[in-house]
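Database features (TrEMBL):
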- 44-157: domain 'Pyridoxamine 5'-phosphate oxidase N-terminal' (DOMAIN)
- Arg71, Val72, Leu73, Leu74, Leu75, Lys76, Lys93, Gln115, Gln150, Ser151, Trp195, Arg205: FMN binding site (BINDING)
- 183-222: domain 'Pyridoxine 5'-phosphate oxidase dimerisation C-terminal' (DOMAIN)
Amino acid sequence: MGQDQAVSIRDLLRGLPVFARPLPQFAPGDAPDHPDDLFVSWLGEAIAAGVVEPHAMTLSTLDVDGVPDTRVLLLKDVDDRGWQFATDAGSAKGRQVAGRPDAALGFYWREQGRQVRVQGSVSPLDPQTSASDFLARPVGSRVASLASRQSEVLSDPTDLEHALAAAEDAVRENPDLLSASHTVYAVTPRTVEFWQGHAERRHVRLRYRRVGDAWIKELLWP
Ligand SMILES: Cc1cc2nc3c(=O)[nH]c(=O)nc-3n(C[C@H](O)[C@H](O)[C@H](O)COP(=O)(O)O)c2cc1C
């Protein structure tokens, strides 16, 4: 790429507006004692504001050499067991969390200029939870999961077609067929940060930090 092209991309990026829209207020003094409660209330506000896919989040993990990796997943549930997502245990992320059970989650709700960040430890939930999550998925998703060798090299696209056709037949024969590797994981948070963007960069940051069984709330400099 030439120098002129690089400069023009820089100018293009610098010219893009940021937070140039009405943004919600966030009064951290009114925040509940538990971060899950604030998350549920922000999620409800995001849905009401028409945020597209507000349950999409980044999941960042580390491989055994400490090399970071990240990708987008769907949040499946939040309860006493943690913030949950579902994936294939044999995938890159599944292998990473098996080797090093630390992770970070990140949400960005651009329509509201809001960000939520979670740090914690990851563990698989019990097989019954994974089984019922799997069976609750639409048939097409179940077929795709059963056929997939997620994150492996696909050297010939016809291999995928054949695997999908075989999985389709198998599900037709046994609609309750389970994937042995479909797994629901829970992130048990150590910190959860709520970030409200502001046009003049007076962003508001509230971090919850777990100390024993309690949550400490602290404001952070923007
Ligand atoms: C909006 C969105 C939602 C996604 N949801 C999931 C999901 O819930 N589970 C999943 O395994 N992959 C999901 N993916 C695909 C992942 O980003 C990723 O490509 C895949 O899980 C393989 O990741 P890995 O190779 O790091 O294991 C989603 C992608 C997008 C863009």
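Cβ coordinates are placed from backbone N, Cα and C, and glycine is handled just like the others.
Between the candidate binding-site residues, Leu73, Leu75, the densest Cβ environment within 10 Å is the one around Leu75. As a summary of secondary structure, the domain 'Pyridoxine 5'-phosphate oxidase dimerisation C-terminal' (183-222) carries 0 helix, 29 strand, 11 coil according to DSSP.
Pairwise Cα distances among Arg71, Val72, Leu73, Leu74, Leu75, Lys76, Lys93, Gln115, Gln150, Ser151, Trp195, Arg205, which the record gives as the binders of FMN, peak at 36 Å. When the neighbouring Cβ atoms lying within 10 Å are counted for each of the binding-site residues (Arg71, Lys93), the highest count belongs to Lys93. Secondary structure at Lys93 (FMN binding site), taken from DSSP and collapsed to helix, strand or coil, is helix. Averaged over the domain 'Pyridoxine 5'-phosphate oxidase dimerisation C-terminal' (183-222), the predicted model has a pLDDT of 97. Neighbour counts of Cβ atoms within 10 Å were compared for the binding-site residues Gln150, Trp195, and the top value is held by Trp195. Here the domain 'Pyridoxamine 5'-phosphate oxidase N-terminal' (44-157) is broken down by DSSP into helix, strand and coil counts: 35 helix, 43 strand, 36 coil.
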